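Below: the structure, in C-alpha cells.
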Amino acid sequence: MTTNYIFVTGGVVSSLGKGIAAASLAAILEARGLKVTMMKLDPYINVDPGTMSPTQHGEVFVTEDGAETDLDLGHYERFIRTKMTKRNNFTAGRVYADVLRKERRGDYLGATIQVIPHITNAIKERVISGAEGHDIAIVEVGGTVGDIESLPFMEAIRQLAVELGRERAMFMHLTLVPYLAAAGEVKTKPTQHSVKELLSIGIQPDILVCRSDRVIPANERKKIALFCNVQEKAVISMKDVDSIYKIPQLIKAQGTDDLVCQRFGITAPEADLSEWEQVIYEEANPTGDVVIGMVGKYIELPDAYKSVNEALKHAGLKNRLSVTIKYVDSQDVESKGTEILEGLDAILVPGGFGDRGVEGKILAAQYARENKVPYLGICLGMQVALIEYARNVANMEGAHSSEFSKDTKFPVVGLITEWIDSEGNVEERTEKSDLGGTMRLGSQLCHLAKGSKARELYGNATVEERHRHRYEVNNNLLPQLEKAGLKVSGLSADKKLVEIIEIPNHPWFVAAQFHPEFTSTPRDGHPLFEGFVKAAGESVRGELEK
C-alpha cells in the first residue's frame with residue numbers, strides 16, 4: 001500500500017490546537033473510507049512524557065501496547081478509529097538515545113555522528129515505519145516554527161517530502177490571525193511572518209489553517225493567500241467554537257478534504273459525517289444537568305485530566321445530560337473538611353502519584369460512601385477507596401498504602417513485584433527500579449464477576465482496559481476486606497491482581513485500578529462512565545436508591 005503524508009506544523013504561538021485540527025481532518029478523511037493514521041513528533045529531550053509533571057505537560061496518554069505518550073494521541077483516538085501504538089509518538093530524546101546506542105555498538109562504522117544525516121534519518125525511518133499500511137498518515141510536529149528544538153524534525157520532514165515527491169506529501173500549517181479591537185480588523189502579518197520562517201527552513205505550506213476568534217473575511221484570506229504563496233481555497237478559517245467536535249464539519253465545509261484528495265489523486269466517496277452530527281446534536285440538546293466533583297491534586301491544569309474530562313462529557317452525551325466538572329483540590333478537603341463536597345451529584349477521584357493531598361482523597365471516598373453519593377475511583381482513586389474502607393469499615397486502624405507509609409500495620413496497597421505483561425512475559429520490579437517505563441502499562445485482560453455492577457455495565461465476562469500503575473491491592477489482607485463487605489468484581493488475566501472493587505450496599509460505588517478514560521470516545525462512550533453519569537442524573541432526580 002502506498003502511503004501519502006500530511007505534515008502538520010504550527011506558528012506564531014503554541015497551543016493553537018494543531019492536534020485537534022489534524023485529528024478533525026483525519027476524521028473527515030476516514031469518513032470518506034480511507035485508512036488513516038496519525039503521529040506526533042515531540043522535540044523535547046525526555047525519552048517519553050512518563051516522568052514529566054502533569055501540571056507542565058498535561059496528562060500522559062497510555063496506548064494499547066503500553067506506550068506513555070503525549071495527550072494529543074488521546075485526541076487522535078477520540079476522533080478516528082485507528083488505535084495508536086508506540087510507533088505513533090516519539091521524542092527527540094528517544095531518537096537521540098537510539099542513535100547513541102547504535103553508535104556505541106559500532107553500527108555507524110566509525111562515522112562522525114551528526115544531526116544531519118544521522119538524527120534526521122532516524123526520524124524519517126520512524127515516520128515511515130509508523131505510517132505503514134495506511135492510505136494517509138497525518139504527522140504533527142510539536143512546538144512552534146522557529147523553536148531551536150524542532151529544527152531536526154523540520155529538516156527531516158522537509159527531506160522526506162522531497163524524497164516522496166509532491167504527489168505523496170503536503171504541508172498544513174496552523175497560524176494565529178488575531179483580531180485587534182482598536183483597529184477593528186484581523187491582522188495577517190503574524191501569519192505572513194510565520195510562513196516566512198517556514199520558508200527559510202525550506203518548507204512551503206500547501207494548506208494554511210488560520211485560527212481566530214471569528215470568521216476571517218474573504219478579502220483577508222485573499223491577502224494571506226497572496227503573501228504566503230498558497231491557493232485562496234487552501235486558506236482555511238478556523239474560528240473558535242464551543243465544542244471541539246464541531247471542527248470536522250467546520251473544515252469539511254471549506255473543502256479541506258477535497259484539497260487533500262486532489263493533491264494525492266485519491267478518488268473517494270463523500271464523507272459521511274452523520275455520527276459527528278449526532279454527537280453535536282446530543283451535546284446541544286441535553287435533558288438535564290449534573291455536577292461532578294473531581295477531587296485531585298493537579299487541578300490548576302485541567303489538561304492533567306484531559307481524557308477523564310472528555311470521558312465524562314462523552315457519558316453526558318449518551319445520557320443526554322450536560323456535565324459540569326467542579327475541580328476540587330484534595331488538599332482543600334484536608335484543610336477545610338468534606339463540607340466543600342456538599343451539593344455534588346457525584347464524586348470522581350482520578351489517578352495520581354505522591355502523598356500530597358492523598359488524605360483529602362481518602363476523605364472524599366469516605367464522604368461518598370457514607371452519604372450514598374455516586375463514586376468512581378480510577379487507579380489511585382481505587383486505592384484510596386480501599387484504604388478508607390479498610391480504616392473505617394474493616395477496623396484496620398492506620399491502614400494505608402506502602403507508597404505513602406512504610407510502617408503501616410495494614411498495607412492494604414503495596415508495590416507489585418511481579419506481574420504478567422500484555423505479551424505474556426513476567427515483569428519484575430523493586431523499589432529501586434527506575435521511575436520511567438517501569439509500571440504495569442498498556443491493555444490487560446480483566447475477568448468480571450457474575451452479578452457485579454461492573455459485569456452488568458460492560459455486558460461481558462471479560463474486558464480489556466489500559467493500566468498505568470506500580471501499586472496494587474495486597475492480597476494477603478483482601479480476605480479481611482471482603483469479610484467486611486467489600487466486593488471484588490474484577491481480576492487480572494491470571495486472577496492474581498484486583499482490578500475492580502464495588503460496595504454492594506451503596507447505590508453506585510465502583511473503583512477500577514485501570515484507566516477507562518483512555519478508551520472512551522464521543523461516538524461510543526464508555527460503560528463505566530456512562531453508568532456513573534447516569535447514577536449522577538438519577539441522584540439529581542431523586543431516583544437513586546439509597
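Backbone N, Cα and C define each Cβ position, glycine as well.
If you look up Swiss-Prot, you'll see C379 marked as active site, nucleophile. A C-beta separation below 8 Å, combined with a sequence spacing of at least six in one chain, links C379 (active site, nucleophile) to P350, G351, G352, R468, H469, A512, Q513, F514, H515. When secondary structure is read from DSSP and collapsed to three states, C379 (active site, nucleophile) falls in the coil class.
Mapped onto three states, the DSSP output places H515 (active site) in coil. According to Swiss-Prot, the feature active site maps to H515 (among others).
For E517 (among others), the entry in Swiss-Prot reads active site.
What Swiss-Prot records for S14, D147, I148, E149, K187, T188, K189, P190, T191, Q192, K223 is CTP binding site. For T191 (CTP binding site), applying a Cβ distance below 8 Å and a minimum sequence separation of six or more within one chain yields G11, V12, T175, L176, V177, L208, C210, I224, C228.
Long-range C-beta contacts of K187 (CTP binding site), restricted to its own chain and to partners at least six residues apart, with a cutoff below 8 Å, comprise V177, P178, Y179, L180. Summarising the annotation, Swiss-Prot assigns UTP binding site to S14, K187, T188, K189, P190, T191, Q192, K223.
Taking Cβ-Cβ distances under 8 Å and a sequence gap of 6 or more within the same chain, the neighbours of D72 (ATP binding site) are K18, G19, A23, K40, F61, N89, E140. DSSP assigns D72 (ATP binding site) to a helix in the three-state reduction. The ATP binding site annotation in Swiss-Prot covers S15, L16, G17, K18, G19, I20, D72, K239, D240, V241.
Under the DSSP three-state reduction, E140 (Mg(2+) binding site) is assigned to strand. Under the heading Mg(2+) binding site, Swiss-Prot lists D72, E140.
Annotated L-glutamine binding site per Swiss-Prot: G352, L380, G381, M382, Q383, E403, R470, in sequence order, evidence recorded as sequence analysis. Note: L380 (L-glutamine binding site) has non-local neighbours V349, P350, G351, G352, F353, V358, K361, H469, i.e. same-chain residues 6+ apart with C-beta under 8 A of its own C-beta.
The domain 'Glutamine amidotransferase type-1' annotation in Swiss-Prot covers 291-542 and rests on sequence analysis. Over the domain 'Glutamine amidotransferase type-1' (291-542) the predicted model carries a mean pLDDT of 90.
For 1-266, the entry in Swiss-Prot reads region 'Amidoligase domain'.
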Response to the item:
A 10 Å Cα radius around K223 (CTP binding site) captures, of the recorded positions S15, T188, D240, G381, M382, E517, exactly T188
Worksheet item: Any idea what the Cα distance is from T188 (UTP binding site) over to S15 (ATP binding site), rounded to a whole Å?
Response: 18
Item to complete: Determine the most Cβ-crowded residue among the binding-site residues G352, G381, using a 10 Å radius around each Cβ and all protein chains in the structure.
Response: G381
Worksheet, complete the sentence: Check: min Cα-Cα distance from E403 (L-glutamine binding site) over recorded positions S15, K189, E517 goes to E517
Worksheet item: Between S14 (CTP binding site) and Q383 (L-glutamine binding site), what C-alpha distance do you get in Å?
Response: 36
Item to complete: Indicate whether G352 (L-glutamine binding site) is helix, strand or coil by DSSP.
Response: coil
Discussion item. Please identify, among the binding-site residues I148, G381, R470, the one with the smallest Cα-Cα distance to P190 (UTP binding site).
Written reply: I148
Worksheet item: How many Å lie between the Cα of S15 (ATP binding site) and the Cα of E517 (active site)?
Response: 23
